[in-house]
Amino acid sequence: MKVSMEWLHKLVDVNQTAEELAETLTRGGIEVESVENLNKGFEKVVIGEISSLTKHPNADRLWVCDVNVGQKNVTIVTGAQNLQAGDRIPVAMIGAVLPNDLAIRKSKLRGVVSEGMLCSREELLLDASVGLDRSEGGILVLAAEAPIGENFGKYLGREDSVLDLELYPNRPDCLAMVNVAREVASLTGKQPHLPKWADTAKGLDLPAAENLKIIIEEEELCRRYAGLVVENVHIAPSPEWMQRRLKAAGVRPISNIVDITNYCMLEMGQPLHAFDRDKITGNIHVRSAKAGEKIVTLDGVERSLQADTLLIADDRQALAVAGVMGGVDSEVTGDTKCLLIESAHFAGVSIRRTSRRLGLRSEASNRYEKGVNPYGCVATLGRVCELLLELGAGRPVAFLDELKTLPLQRQITLSVQHTSTVLGLELKDSDIRQVLENLNFKYEEMEGIFDVEIPTYRADLEIEEDLMEEVARLRGYDLIPTTLPQGDTTQGRRTPEQEFRRRLRKVLVQSGMDEVMTYTFTGAAKDAQWGSAQHSISLLNPLREELSVMRTSLVPGLLEVAAKNTARRNTEISIFEVGTTYWGDEKPLRELPREVLRVAGVAVGKSGRHWLNSQTQYDFFYVKGILEEIAREFGLKFDYRMSENRPRLHPGRSADVYLHNECIGFLGEIHPSEEKEWALERAVLFELDLGVLFKHMRPIVRAQSIPRFPAINRDLAVVVPIDTSAAAVMTKIHKLGGELLQNVELFDVYTGKSIPEGRKSLAFSLHYQSLERTLTDEEVNILNSRILEGIQQEFDAEWRK
Amino acid sequence: MERMVVLKKEILRIGEEALHELQQLNNSEALQELKVKVLGKKGSLTALLRQMGSLGPEERPMMGQVVNEMRSRLEKAWEERSAELEVIALEKRLAAERIDISLPGSRVASGHYHPLTQVVEEIEDIFLGMGFQIAEGPEIESDYYNFEALNLPKDHPAREMQDSFYITEEILLRTQTSPVQIRTMEKLHPHLPVKVIAPGTVYRNDDDATHSPMFHQVEGLMVDQGIRMSDLKGILLNFSRQMFGESREIRLRPSFFPFTEPSAEVDVSCMLCGGAGCRLCKGTGWIEILGSGMVHPKVLEMGGYNPKEVTGFAFGMGVERIAMLKFGIEDMRLLFDNDLRFLQQF
């Protein structure tokens, strides 16, 4: 809502500047988004009269003018050739910044000091409607009666500021100037001066119309339909003051009749529509459109209407789309002699649906959607009558008011005690009284209980708490003190699952991975590659195809991030995300879907070059190391099995990850045939389901004491066939070593010189330890030989001495 | 007697020679060798001592004294020289082991938390410290929890404040974390107090420089007997100071949310200029950080509580906004762009 300060001044006393008022309103809950100064660029432009002009002594084409600017005369040099003594012209004084951003400074032109600039239309961004004809191509010459010394913006009627209100949905009343004035009055403790019709709900003192009846067929969608018949219509432009206010409000002036309807709507908040009475056949029907019905609206577009569109029609045809836009057939034209002016109350829901469907939004539909006061219909017509007569635009002759049930007028009981308690602010009866007086609300009072009559324009006030807000905001929110809740102390702590997610992130970050956060929606095709098309959930109204399904895998998002970073020459990519995947078990969804938490990561490239450390290639084992770190953190052990069914992974370099015999995810190198699509070479990735992990995690560490007896370490190297699983050999060693063998580490894998083709050498470090005694070399030697024999038999292994 | 003079001369000669040679030596091994050569079992001085047998009994003590004097002179000299050489050797080692301390340190491969994770955890920690629990709810939510139970019936004009992503007519991506208010109350009632925050991902059908279709909120809810709006102010002041600095102030402005009444927008005094007015706060000295209010009686009822017996406050803040203010991030899109050069700053 754009509020002209000049207009507002007519409705309420304001002794604040536009900026100050903006602050008052904003602090009072009516947010002012901007303050526009309409006089911008004209602040230092005044009307001057050319007292004399003489040829410049040193230049043929220049004139030196002596200009009377009111209090004094100034000398100004100009190159324009259209001036003569006595002309009144706009003068930009020194310091002016014109609408075209030209800054005026004192200057010297060929030896003559110029104390300002005479302006052309172009420099002032004005059109030919301002000034005399001979202004064309030269300085703008104004009418002879233009007042010397007056600000040029004031002369043009631009000396005004406009507040742009950003209204919350609960305050549609402020889409009317009278209610903005009431609001300003409440917040500043002033009385509004409203037009005499603003508070009237009575009918007009006019006879009922002959031969015209209003028939409301859709009672739910139209509670009230009032009309005014106007004869002796004289179509002309509206007066300058009205045009100016309309323009300030962002409405284009058209003609006196249209302008009056718009002006009254802006002032009173009630949308109006004028029909050419002579083009109405029979009665007015407020009804729903018939299937296939068409109407050509005022913008010249033929529109096919759906069956639930609310229409204004006569006996023959549709005249207007109710509350949205009129039809061409009943449009007011220059020849119109007689009018029907509609002032009706339509249901916001219906208007919103229609305006959406037709893609038509207007000042009227906007107001209906947000809520219009049904009690204001007739009062607004009263104001229309006043202006019609004042402007000589027509003679109101008849009045109609078809009325269905209107909402009851509300009463709210407000307890001073309760209000004080809820706000935490000690209030006296007199404080409440003061607030209600400022609001101009009627009330009855008894021992701290106020029965408040709510005016019909404040439909947002429904319950006691709503009135508490009125009290708080009029008193000022700043008066509310800061306290802390009374009552028992509570303790806050994360749930085990929340703690688990935190620890998981911590392990990954400590392992050197960077956390990323991607959109949870993705493209259907991409998600199907790594997730489950069968379970994916589609949005009905996605922003675009690539963001149209809820992900069932985190992998596509991570691959995209990796690819984007690679393209930007960020090498060393090792990233992870802990995030939700979404699984629908039916289509369409009837129940809320499963939300499954997962962790996934992608590593590609190698660690950066460093003078001290060798570069690490991010490969299968890098990622496996990270998974082992996760397992260690939660006291778990993962099994890795060659993956069978993962076509997008390298078959020889990928594994399914198992926990307690349940597959919880995978890791592996991306299949070479996928590399092109993602523009990623040798990316290694993993994805794990977190539910199973959380279920089996070790809740707390049980500490073990440190052995008091010395340990014995032995190395053991064996040469085995090349496809032997190292894990299998380790498991066997553990089994053979019994409980004295505390730990086995694989410290070397070797193929090449001195190892026969088709075989590899595995070297293990065996750690023997007893908790009860010191071990002897002898018993360790026996164990070691037993282990060696055992693996020689099982794995076709040879001892590598 | 003559024999003694010869012997004495010989002792002095060997001794003086050894003392001289000792000064020339510059490693401890050679020093040890010389010591053995002179004072060892087969050493030259020892050999002379053996010849003392040829002297007369009255000469022997005199001779013994000469030898012992020379011996202790030599030993002292050895010790001194030996200590000198140790110092030299240490200095040599230190000189040899000198490094270029300007070389970069060894690589420690630690990763980075996403800035939004860091901010959410910081917010969580602040409220945990004030005794709030952390509640969660689904991101794919029913119309009932996302709107209706929050006093936003179908066709309510306020629904237009939020453009939603729909999955069916009745199921959508939640547009706010507020549905967790209802879910929490349903779960906890009639227990008091209800005191939770609910961080989470939310969605709105909006994508431009200042809006992301996916973003994050932290919701707060406290319900108990006698909860006042001043308590809301106290809790939020406490939060703002912990989050943005001890000297921050807050102010409340009237606002509108369907699920709170009275409602308030909360501004914090600008963390950049301290309230004097700057580019960040657009000259006002204040920065809007969250929306809040007293829980609407209808919402309490929907959650199973009797609004005649209890009151409550609720608030909701945008995590992205807090992160941008905290870290001085100018463009929200950077948070979801996932450029490692950006992420590795945090």
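Note that the numbers count up from 1, one per residue, in the order the chain is shown.
Just so you know, glycine gets a Cβ as well, placed from its N, Cα and C.
Annotation comment: TrEMBL describes A:39-153 as domain 'TRNA-binding'. Here TrEMBL flags A:407-482 as domain 'B5'. Here TrEMBL flags A:ASP460, A:ASP466, A:GLU469, A:GLU470 as Mg(2+) binding site. The domain 'FDX-ACB' annotation in TrEMBL covers A:707-800.
When other Cβ atoms within 10 Å of the Cβ of A:ASP466 (Mg(2+) binding site) are tallied across all protein chains shown, the result is 19. When the binding-site residues A:ASP460, A:GLU469, A:GLU470 are compared by the number of other CB atoms within 10 angstroms of each CB, A:ASP460 has the fewest. Predicted-model confidence for the domain 'B5' (A:407-482) is 95, expressed as mean pLDDT.
Helix, strand and coil residue tallies for the domain 'FDX-ACB' (A:707-800), in that order: 34 helix, 32 strand, 28 coil [DSSP]. Mapped onto DSSP classes, the domain 'B5' (A:407-482) shows 34 helix, 15 strand, 27 coil. Per DSSP, the domain 'TRNA-binding' (A:39-153) is made up of 9 helix, 42 strand, 64 coil.
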